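Enquirer: My questions all concern the structure below.
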Amino acid sequence: MRQIIVGISAVFLAAFLDLTDNTSVSVAFPSIASSLGASHAVLQWVSIGNTLALGAGLALGGQLGDQYGRRKMFLIGVAGYIVTTVLCAVAPTGMALAIFRFIQGLIGSLMIPQIFGIIKASVPEAKQPAVFGMYGIVLSLAAIAGPLLGGVLVSWNAFHLSWRLVFFFNVPIAVVAFVLGYLYIPESLASVRQGINVLGAIVVAVATTLVLLPLSLMSTSGWPAWGFPALVLAAALYAFLYVSGMRKFRDQNVHLRQFSLGMAASLLFFSVVGALFIILSLYVAQTSQRSAWGIALVMLPYAVGSVLTSGVSTAAEARHGRALCVLGAALSAGFTAAFAGLLHINPQPAYWQYAVVLLIGGMGVGLCAPILINLILSAVPHDLAGSASGLLNTCSQIGAAAGIAVFMTWYFDGTDSSSFISALIGMTVVYALSAVLSALLPKASQA
């Protein structure tokens, strides 16, 4: 069991790096622009290029893990991440940085889909809910840590490295993940090799790019004129994939209703999480004199709430999984609604007021996130764990990009408090829809 725990800690480190990467780099943009003379357009592609490459490659990365070994693909991905992160840290120009970030995203699409597949393959089924509960904690910590790490590291400016420190900071963490993974993660792959669905991987990559590109541009340059036609075409491609894959999925004992509803609920739920903390960190910085560490303390109760309820959700999942998932999503909706009400009454809340509402929000994520992930992955057999993980991560990427694009645009569209209140109301609606979809899931996992 010790080997399993250490091996899982390696994939958690990789997940943390992935979840904090884009937000921490985005905070460093002013420093990058000043240091490299990078234009606004180049800075856009430092972020967008990474997101597109990662999102487009996740489905293929999951298939490669199933067919050729999840441990092998994970280690290749982590090794590539280390190399490309160092290249980003020493980039001489803004264009070079954008290119290295794109390559980093492609490499990440080998690493990230293996996370859930490795958990499903190496952790005993009875222990998996607890592991997904810990993943929920990692998710909460990463959502908070990303923008704060970027701010702290750039402000620290150790050895006059400025924004480069954001990348160098990730290297030793990735090295530890590689060493632990090499020593302690057992190899796993599908029992029956069915080959790579090249056409399906290409269609997923094209459709995902058609969704992510306009959404990513929206948050920085406004909605492009070709955005809606791109979304329509993407929807048609996803529909083609769904219809063409239905018979194959049924033959492979995939519970389509559970998987599809879970993916939709996940897309909605995680579209809020990333955007919320970027906006909250901006709002607190703009309306108070708090330092980066002070902002971190404001957000700390959210992580505490997640830790408190993750244990409860995993212990009770077998009997009350769906109910707890719905409760968590509903609690999250209540949190954003209460937060909007608080800001309406007092645009500059005291610390204890932030703490109360954020504690509730963290409790909601701790209840919902680990159970939702487990319900999705339990709908597929072990042979497809990597492929399912790739699709789940693709869905999460799309949700996060949509959330950041929509809610950030909303936030910058008005005055500080009124625009944040409007964004929080929108988040409440999204969380509520996620709760409705979660209520339609089976009462317990069917796999």
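Backbone N, Cα and C atoms are what each Cβ position is placed from, and that goes for glycine too.
Look at TrEMBL and you will find 7-446 tagged as domain 'Major facilitator superfamily (MFS) profile'. Residues or ranges marked as transmembrane segment in TrEMBL: 73-92, 98-119, 131-159, 165-185, 197-217, 223-243, 264-285, 291-312, 324-345, 351-377, 389-412, 418-441 (among others).
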Enquirer: What stretch in 197-217, 223-243, 264-285, 389-412 has the biggest tally of Cβ pairs under 8 Å against the transmembrane segment (98-119)?
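Expert: Checked against 197-217, 223-243, 264-285, 389-412; highest Cβ contact count belongs to 389-412.
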Enquirer: When you look at the transmembrane segment (197-217) alongside the transmembrane segment (351-377), do they share 3+ Cβ pairs under 8 Å, ignoring any pair fewer than 6 residues apart in sequence?
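Expert: Answer no: the transmembrane segment (351-377) and the transmembrane segment (197-217) share fewer than 3 Cβ pairs below 8 Å.
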Enquirer: Same chain only, please: residues at least 6 beyond the ends of the transmembrane segment (131-159) with a C-beta under 8 Å from a C-beta of the stretch. Say none if there are none.
Expert: 8, 12, 15-16, 19-28, 31, 119, 123, 165-166, 169, 273-274, 276-278, 281, 292-293, 295-296, 299-300, 302-303, 306-307, 310-311, 313-314, 362, 365-366, 369-371, 373-374
Enquirer: Are the transmembrane segment (418-441) and the transmembrane segment (165-185) close, by which I mean at least 3 Cβ pairs under 8 Å that are 6+ residues apart in sequence?
Expert: no
Enquirer: Can you say which of 73-92, 165-185, 291-312, 389-412 has the most Cβ pairs under 8 Å with the transmembrane segment (264-285)?
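Expert: Out of the listed stretches, 389-412 contacts the transmembrane segment (264-285) most.
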Enquirer: Please report, as numbers and ranges, the same-chain residues at least 6 past the borders of the transmembrane segment (291-312) whose CB is under 8 Å from any CB of it.
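Expert: Same-chain contacts beyond the ends: 133-134, 136-137, 139-141, 143-144, 148, 151-152, 155, 277, 280-281, 284-285, 324, 328, 351, 354-356, 358-367, 370.
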Enquirer: Summarise the model's confidence over the domain 'Major facilitator superfamily (MFS) profile' (7-446) as a mean pLDDT value.
Expert: 88
Enquirer: Between the transmembrane segment (197-217) and the transmembrane segment (389-412), are there three or more C-beta pairs closer than 8 Å, counting only pairs 6 or more apart along the chain?
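Expert: Contact confirmed: at least 3 Cβ pairs fall under 8 Å.
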Enquirer: What residues in the same chain, six or more past the boundaries of the transmembrane segment (73-92), come closer than 8 Å to it by Cβ-Cβ distance?
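Expert: Residues 11, 14, 17, 36, 61, 64-65, 100-101, 103-104, 107-115, 118, 164, 167-168, 170-171, 174-175, 177-178, 181-182, 185, 386.
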